[in-house]
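Residues annotated as transmembrane segment in Swiss-Prot: 13-33, 138-158, 182-202, 213-233, 239-258, 528-548, 551-571, 580-600, 609-629, 649-669, 690-710, 718-738 (among others).
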Amino acid sequence: MSKTSCFLKKYRLILLWCILGIAYILFWTHRISKAFASVSSTSDSTVHLFERGNTLNDSNDQILLTCNDIKNITPANQCRFAKAYCKGEASGFFDYVEFYFCTINSLRFPVLSIIVGWLIFLFITIGISASDFFSTNLVTISWLLQLPDSVVGVTFLALGNGSPDILSTFAAVRVNSGGMAIGELLGSAFFIVAIVAGSVCLIKPFKIPRRHFLRDVAFLTGTILLVIMFVLHDGSLSIWQSLVMILYYLLYVLFVFFSGSSGVSVVITDENYLPVSLPVYSPVLNSFDDSDSYSSTDSELSEEAFLLPAQASRKTQKIHYINDNDPSNSYSSYQHSHVHDFIHKNNTHSNRVLSQSSGPIVRPSLLAALDFRSSNEEQHPGLRSLDPLNIQDGDLTMHPMHIRHSQSDFYPSGINTPVSGINYPNLGFSANNSVQSLVSEIFRHPTHTDEDFPLPSPSLSSLLFPTLRNFAKKSWYEKLMDVLAVPSVLIFTLALPVYQCPRLAVDPIYHMDVSNCNPSKPTWSRKLRLLQCVFVPFAFVTFSITGGNRLYIYAASSVFSILCITALYYYTDEEKPPKFLPWVSFIGFVLGIIWISTIANEVVGILRALGVIFNLNESILGLTVFAAGNSLSDLIADIMIARSGFPEMAMGGVFGGPTLNILIGIGISSFYSSISNHGNDSVIEIPHSLSITAYFLLACLLLLLIYVPLNRFRVNRVLGLLLFILYIVGTSTNIVVELLKDK
């Protein structure tokens, strides 16, 4: 074997990572350069990156008409005016302004209802694409590249979490709607902190892990202070200010990375994982007494509850152990070694066990939350009333009668499949129990192999329509959400390839074989992949290639599809998944960016049209409709999870995501703009609504930093009500200011 081949084999993953990073940088450089090329002004010494409005022609004192002037045009001439002056408002495939104003007056309300309904559907779709498809591929890619969990959390998963907000922001900037872009970032953070977190608090009081809470809320507070000092103070951003925002996020990344070294994770991959009300993540494991003490054991376990099981690896349990170096913990090196050896001897699916786990988690999955809630209540009705704060000391026995004999069909978001007939041991839970005693009790019982509970091969219909599984047994609102999600899931299943690899904790000590990414699991459907060979190329050329002869482009796409179908049909087995299957996640990564960008462009086009129709400021639309819409799936998913009895999970990703979105969305955009324009400052038009939102968001964060520690890190309905009041008052103030502005 030559030295070159040995080198490529040894460093292939590093090379792939470098290629992926270069491609990603080039892609965004191209997108950002196009965006700022259209908004940069060479007639002024400063770069008016986000400024937009009516100007006067000094030569003849005539007002330059814009689309917003359509309100001054008679209804009979509004259609012609829209065709002449509103073409720039259409950022997507459809011109919604023309669609509305070229409709007769008697039908404009139904047309407006169609536009609003389409907007709601797009918001749901962009949330599903990010959480259930795009983020899943990112997790698989990180597994293939052997990246540590802490690095994955602040890179790949951060990208997946913030993809709708970041891509929507760039889509708004590209069409000169900077006010909408900044408004979306601040409004989304305000909505998530006040409404999403407040909803979780209202549903079920619980105790929150102090370390993650203080870290994330403190850094988000610092982010808002930077925005107030740099952006809202004088309406401009210099290069050094942009660099400070970027470096501040890097500081957050480093802090997350190094603060994660206080714990050790053990990952157990079990084909017969039994989600008995989520054993590892269950609030039963997080019972606290009323004392002031908040042990590291409780903290670490509760912090692990921040992971949504459907977004972790399929049928993978993570158990978080206490730091060996912590003198307050009695977890000896002997016990550590014993557990380590046990996993290696009994778990044939994982040869990498120990890892440090920290950092931001994947955004909550809307589909997973819906399915998880219905499955959890169906299988364990007796556990619905468990309160995270009021678990009494004593024994908890799981009897076989609590478990129904059912096996879930394969679900794209990775819902774990329950099994039946497993009698869990009688486990004693108390506030004084140590983690190692609990884990030792669990490990004392034998595990089950794949042969004990073979899973049937998934049918094509179950793969194409997973939200309709157990449809008759769901509540009315779950049925409504499932029906609304059917078109989106069907489209993405056909045109966005995804592979959910078992997410094993990464430790550089152990070697990982990529073939372990597809252990004999029934996640392979050749029929589905054959259909994807048709729809994936079609979606790629439709949404990514502009210009040229469309007939030739689609003909080339058809030829490529035929070649892929032929190769897949003759060189793959009907039952056994091919070894290259995990690598389709790279294709899904590219298609995910294309899909989310396309949907974001369409959303921006609709919002701009609504601004013209109702004569609303773009910043108000960004702060309210745009922000709430992009966070809609998060709100629904977190409410479902909290109502299922796991509010810790629902609260997990509330504070980390906005930090990334604001710092990267504003910092990198303004920095690149300044560099491209000879170091000039970026001037940003700041309406009063942006300042009002920023200060109310800061008030919410200060309330959390004061109230939660004083309440011994318990969040309750009083806190949720206060957050709701702040959001209602802040939003109402913005609307009143906007209405009074034109009077």
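Using the three backbone atoms N, Cα and C, a Cβ is placed for every residue, glycine included.
Contact count against the transmembrane segment (649-669) (Cβ pairs under 8 Å) is highest for 213-233, out of 213-233, 551-571, 580-600, 609-629. In this chain, the transmembrane segment (182-202) lies apart from the transmembrane segment (239-258): fewer than three C-beta pairs between them fall below 8 angstroms, excluding pairs fewer than 6 positions apart. Between the transmembrane segment (580-600) and the transmembrane segment (528-548) there are 3 or more Cβ pairs closer than 8 Å, counting only residues 6 or more apart in sequence, so the two stretches are in contact. Residues 526, 529-530, 533-534, 537-538, 540-541, 545, 578 of the same chain lie 6 or more positions beyond the ends of the transmembrane segment (551-571) yet place their CB under 8 Å from a CB of it. Note: the stretches the transmembrane segment (690-710) and the transmembrane segment (528-548) are not in contact (fewer than 3 CB pairs below 8 A, sequence gap of 6 or more).
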